[in-house]
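> Handing you a structure now.
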C-alpha cells in the first residue's frame, strides 16, 4: 500500500477541518505506517477511498480514529524507571495529605495499574487520585475494565520482580479463562477520562505527571505544546516522568525543569 | 557505480559477528550514514553499541528521536523501539506492536526509509532466524532502491537472507568479505 506524503498531508488537513481530529502535528513516519496498516486491514485502496468511507459514516470515522491512535504499553515497562520513581518521588508524595497523579496518554491502562500498585505498596493509594486519560475511548474503556490477557502476565511478573516489588504480583489480580482482572481496590481512586493532548487544555493540578512513550509520536511543535501543558498542570516542584528515549530538548520549558534522574527521564518543575 | 545517500543494515541471530566483519575497514570520513537494526533483547544492559565501537573508526550511537542523520555515524536502533525515518531525514521512534516478533523491526525501518531515499538507498540483509526484512525489501525495490543479501550458505542463520532472496527483492547476493569490499568501493565513488 503506497501513500504519498502530499496525499497524507491533504487527508490530515481535511480530517481536521471537517471533524476536528488533529493529527497534523504527529510524527509522520509512524502515523503513515498506521494509516497504511488500516488501509490494508480494511482492504481500502487509497486515502481518497478512505475519505469517501468516513465522510458520511460516523461509525467508520470513529473506528479509523481508534485504530490509528491506539498505543501499546505494558505493566512496569522499564522497571528501572519505576525504581527511580519509587526512590525519588514516593518519599515526597508521602509528605502530602492528599495528592493527584495524571497518567497522560494511558492507552489501555497498564501503566495506570503500575502506578496504583506502587502507591498501594507505599501505603499511599488511599491518599491519591489518579487521572488516566487518552484520546482513544476504546482504549480507555479497556483500561477501566482492567482486564488483560493472561499471556502478558509472565512478562509483567518479570518486570515487577526487576522493579523490586514488595509482594507477589499475582496478588493484584484474579485469573479466569485466558484473562486476568485487576483487583477493584486498585482502581477505586482512578478516574478514566478522554483527553486529547493535541487540542485539550489544563484540567487540574498535579503532584506527578507520567507520560511515557507518547511524545515520540508527536513532532517538535506538538511536543513543545504538550510539555507546556504539563508545566502548567504541575504544582510547584511537581514531578514529570517521560519515556526512556524522550527528552525536554525540543521545548522552550527545558530550563524550567530540574533533572532528577537523567537516565530514567524523571524531571521536577522548578 | 551507483551513488547512495544512506546504507541500511538488518540483522538478527548471528548478526553481531557478521557486522563486525563488514565494518572495521571503513574510514572515519566514510561519506554515507549507516543505520543498523540488529534484533536485540530489551534489557538496556546489552553492550551492542560499545562492542561495535571497538571495531570501527566511525562514531557508533543509538539513534535518538528527531536526531538528524549525518555521515560519519553508525546509528543503531534502540532496544524495545521501532526506528523510522522522516521525510526531513531525521529519526522517529515508535513503541507500536512488534513486527515479526521484533521491536526494533527491520521491516519498519526499511519501509519508512524507502519513500524517503528512493533509488539512493542501499539495504543489506544479513544472518537471522526469522523473516523480518523481507517486506521492507519489497518496499525498497518498489522505490528502486538497491539491495544486497548475505550469501545464505555463509550465514550463521539462513532463514532471513533466504526469505529475502526467495521474494525476488535482492539485487546481489554476496559473502561478507564481498559486502565489505562493496562498501569500501562506494566511498571512492561519492
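Just so you know, the numbers here start at 1 and follow the chain as drawn.
The backbone N, Cα and C atoms fix where each Cβ goes, and this holds for glycine too.
A TrEMBL annotation is a machine prediction, not a hand-curated record.
A quick note: this is a predicted structure, and the numbers were derived from the prediction, not measured.
Quick paste of what TrEMBL says about this protein:
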type	residues	note
ACT_SITE	B:12	active site
ACT_SITE	B:39	active site
ACT_SITE	B:132	active site
DOMAIN	B:1-184	domain 'CheB-type methylesterase'
> Over all shown protein chains, what is the count of other CB atoms within 10 A of the CB belonging to residue B:39 (active site)?
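Residue B:39 (active site) is surrounded by 23 other Cβ atoms within 10 Å.
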> Of all the active-site residues given, B:12, B:132, which has the fewest Cβ neighbours within 10 Å once its own Cβ is left out?
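Among the active-site residues B:12, B:132, the sparsest Cβ neighbourhood within 10 Å belongs to B:12.
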> Would you kindly give the Cα-Cα distance separating residue B:132 (active site) and residue B:12 (active site), rounded to the nearest Å?
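About 9 Å separates the two Cα atoms.
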> Give the helix, strand or coil assignment DSSP yields for residue B:39 (active site).
coil
> Helix, strand or coil at residue B:12 (active site), per DSSP?
coil
> Can you give me the Cα-Cα distance between residue B:39 (active site) and residue B:132 (active site) in Å, rounded to a whole number?
10
